[in-house]
Amino acid sequence: MEKIKVIIAGPRGRMGSEAVKLVERTEKFELVAVVDHKHGGKLLTELEGVSTLPVPVFADITTCLTEVKADVLIDLTTPEVGMHHTKTALEFGVRPVVGTTGFTQENLAELENLCREKETGCIIAPNFALGAVLMMKFSQLAGRYFQDVEIIELHHDKKLDAPSGTAVKTAEMIAQVRAEKSQGHPDEKETLPGARGADFSGMHIHSVRLPGLIAHQQVMFGAEGQTLTIRHDSYDRVSFMSGVKLAVDTVMNLHTLVYGLENIIE
Ligand SMILES: NC(=O)C1=CN([C@@H]2O[C@H](COP(=O)(O)OP(=O)(O)OC[C@H]3O[C@@H](n4cnc5c(N)ncnc54)[C@H](O)[C@@H]3O)[C@@H](O)[C@H]2O)C=CC1
Ligand SMILES: O=C(O)C1=N[C@H](C(=O)O)C[C@H](O)C1
């Protein structure tokens, strides 16, 4: 059996270290290198507690892709770094699986064009947890019937981007089916700026950051005399790994950009 050769960018991170374990324990995957700007030239075994595999660590993606043959790059870093890694991988014909959030609409459009030009597949998944993907799909269904919706996303306090990629994706999916409406009272005023959260097509997104949390989201719909709440909780980052595995498998057969795991689950 030909193994899928995988590079992971961000191997010391909360998600990256979990992805290293996933690739290690998956028979048909082979970890061939990692990218870590702080530890170029070392072996992964020298990075404390990450892995017992002696794979090379590269400080930059271009050197890594020049020296190592790979099929897939898993990126779990930061938006600017992730964008650079994704573009470089596509230039090398290596398929990116991107969990990094914070990409703009312009970033996505640029990557979509690059995928088409290079005829190389790429998956960008704001959330790899199956339950979160279902939460987004159920919310989209509810959005057909309820115009009034508030999205509350709750994360650990080390998170850099707000709102979360999941909240943005949820709002995008609901906006595809929801009759547009600016919510709340037409004369409402914020006496403290930000009190009503971020505005996405008239829907409001609220970002909570607290130690103790991992990744949670609640989508609340309201209508006369009733509310509907759809909620998902990730209590452990292992919740994201079956989605990462599915994305690595699937991207091998793609030639375009797929944004969101809802597009590849049955
Ligand atoms: N799609 C999904 O299901 C999930 C996505 N995320 C996203 O994944 C990203 C990472 O999240 P965490 O692991 O919690 O963050 P983290 O801060 O623990 O990890 C990020 C890692 O990127 C590394 N890094 C920074 N610059 C780099 C560079 N130039 N080259 C190589 N590595 C570099 C850092 O050293 C760090 O280890 C975030 O954007 C987050 O929103 C997080 C959880 C689930
Ligand atoms: O940073 C995180 O932790 C997470 N980020 C993703 C997001 O921004 O939606 C996915 C998940 O919520 C965890």
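The chain as shown is numbered from 1 upward.
Here the Cβ of each residue, glycine as well, is placed from N, Cα and C on the backbone.
Whatever TrEMBL says is automated annotation, not expert-curated.
Taken straight from TrEMBL:
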type     : residues                                                                                        : note
DOMAIN   : 4-128                                                                                           : domain 'Dihydrodipicolinate reductase N-terminal'
BINDING  : Gly10, Pro11, Arg12, Gly13, Arg14, Met15, Gly99, Thr100, Thr101, Ala125, Pro126, Asn127, Phe128 : NAD(+) binding site
BINDING  : Lys38                                                                                           : NADP(+) binding site
DOMAIN   : 131-264                                                                                         : domain 'Dihydrodipicolinate reductase C-terminal'
ACT_SITE : His155                                                                                          : active site, proton donor/acceptor
BINDING  : His156, Gly165, Thr166                                                                          : (S)-2,3,4,5-tetrahydrodipicolinate binding site
ACT_SITE : Lys159                                                                                          : active site, proton donor
Sparsest Cβ surroundings (other CB atoms within 10 Å) among the binding-site residues Thr101, Thr166: Thr101
Per-region confidence, the domain 'Dihydrodipicolinate reductase N-terminal' (4-128) (mean pLDDT, whole number): 97
Pairwise Cα distance for Thr166 ((S)-2,3,4,5-tetrahydrodipicolinate binding site)/Arg14 (NAD(+) binding site) [Å, integer]: 17
Where the residue listed as 'active site, proton donor/acceptor' falls in three-state DSSP terms: strand
DSSP three-state assignment for Thr101 (NAD(+) binding site): coil
Those recorded positions in Arg12, His155, Thr166 whose CB falls under 6 A of ligand 1, listed in sequence order: Arg12
